[in-house]
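Record features (TrEMBL):
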- 92-166: domain 'PA' (DOMAIN)
- 1-27: signal peptide (SIGNAL)
- 190-209: transmembrane segment (TRANSMEM)
- 251-269: transmembrane segment (TRANSMEM)
- 275-298: transmembrane segment (TRANSMEM)
- 319-337: transmembrane segment (TRANSMEM)
- 343-363: transmembrane segment (TRANSMEM)
- 370-393: transmembrane segment (TRANSMEM)
- 430-449: transmembrane segment (TRANSMEM)
- 461-483: transmembrane segment (TRANSMEM)
- 489-508: transmembrane segment (TRANSMEM)
Amino acid sequence: MADPSAYQLSIVLVGIFFLVLPSITAADDASAPTGEIANCTNDFRLVKINRWVDGVEKEPIGGLTADFGAILPALAKQGNRLPATFSAPLDSCSLSTTKLSGSIAIAVRGECIFTAKAQIAQAGGAAALVMINDDEGLLQMGCGNETNLNITIPVITISKSGGEELKKSMDGGAKVELLLYAPNRPILDYSVIFLWMMAVGTVVTASLWSEITGSENSDERYNELSPKESDAAAAKQEEDKEILHINTKSAVVFVITASTFLLLLYFFMSSWFVWVLIVLFCIGGIEGMHNCIVSLVMSKCKGCQKKTVNLPLLGEMTILSLVVLICCLVFAVVWAANRKASYSWIGQDVLGICMMLTVLQLAQLPNIKVATVLLCCAFLYDIFWVFLSPYIFHDSVMIAVARGDKSGGESIPMLLRVPRIADPYEGYNMIGFGDILFPGLLVSFSFRFDKANKKRILNGYFLFLTIGYGLGLAFTYLGLYLMDGHGQPALLYLVPCTLGTCVVLGWIRGELKQLWSYGTSSADATASGEA
């Protein structure tokens, strides 16, 4: 490009923009239940609703059982395929004027309590009750303070969009049949392992990128120079890279900016807003992929950078760079056009990983002092907006934004996601970019520290921080499982496992002071004295 510094800075800015968006590890499925757990005996279980419209099978709808009523079978062949009928009145708060006998009654939320709706539907002869929630997500229907219930039909809830699907079919006069069952979920889906490998692999690859692209040859050339010449050459190389060094003030700005923007997303989320995020994601992904491919090719083919072309707006650039840029642009456009296809997660993950690799090259932590401020602020930010925000906003703000409520069916792109393979409810396992970038900054710093101080793998920090990151991510998914799929603030586990590991190791080895002030004149003087 004609202006490489502006080009690289734009990647960093887009990457930092995505840092302030939801940083959360979650399972995107039919569950995401919200509401208070009541005192009845049934477990809340996910439900699959197979449906047929005029005999033609359609996509299943997800639902959630109430903690009262009959238990649904675990296998589809054990369930009964029955016609669906809207209750009249639609809220099912009084006896229906339409015939419900032998059918599955459909009602909407509101006007009376859940148990009253179920009792009235049962009295009308309904074989089951499906309640449509007035919002996205699935509501946990409890029996309140009632203890003397005699509800013998299954009672489930579906999301607002699921109800609209049913209503669209039934309003046209078509015959709609439903089959309800609640298959058992596997304890561990293989997609979690694949997602774990992608996240850890991204962090490790970003840390080792200078070795992968062969820039260590430059380091050898610098070593042949005198100390003063070597320092000057290293400084020039650092300047050419346009590295963005994060400072302690950035951490405070991050918390304020991130919280403000998250609230804007929460209150003003819409399909056009998500489209803005998609465009920004594509820009960051294109530039990240372009940077990664060009760096790899040029590390193997030194002569590829010699042939250049002068273009309007873009200025002088190599033919290699132009060809790669066009290919990356086509890749991003194809992904955006097919973002709702079942295979679109591949393109999203490729663009996201390339962007994160580039951001981790261009943004760096100078020492553990800055890392502590930044990661601790991110740690508190994550916990507050996931676990504490419901006490203020009556909803988990970060989960609501990550889930894409009010997004008009569009999904937010700043996530790595992998489809669940063995789960009968399908959906995706996801991890936010922030859960990779924040710890990745620290892991990358540990590699640079080890290399600068000529530490071996076992007496360095990089290996142990990488293991800590992998363990922290594993604890995150364990928490996700124990909390029945409720989105987890991954930094709650990742920060102690990475920053905590670094601090403890530094303290044991007597190097904490050097790590804390690394890069400053005092730290350099201390390191020289020890050497």
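Every residue gets a Cβ built from N, Cα and C, even glycine.
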Practice problem: Restricting to the domain 'PA' (92-166), report the mean pLDDT as a whole number. | Solution: 82
Self-check item: Cβ contacts under 8 Å made by the transmembrane segment (190-209) with residues that lie 6+ beyond its boundaries
Solution: 295, 349, 353, 356-357, 360-361, 416-422, 428-431, 435-436, 439-440, 443-444, 446-447, 462, 466, 469-470, 473-474, 477
Quiz item: Can at least 3 Cβ pairs under 8 A be found between the transmembrane segment (251-269) and the transmembrane segment (343-363), with each pair 6 or more apart in sequence?
Solution: no
Quiz item: With the transmembrane segment (343-363) as the reference, which stretch in 275-298, 319-337, 370-393 has the largest tally of C-beta pairs below 8 Å?
Solution: 275-298
Practice problem: For the transmembrane segment (370-393), could you work out the same-chain residues 6 or more beyond its ends whose Cβ comes under 8 Å from its Cβ atoms? | Solution: 22-24, 246-248, 250-252, 254-255, 258-259, 262, 266, 399, 434, 438-439, 441-442, 445, 487-492, 495, 498-499, 502-503
Practice problem: Work out, from DSSP, the number of helix, strand and coil residues along the domain 'PA' (92-166). | Solution: 17 helix, 15 strand, 43 coil
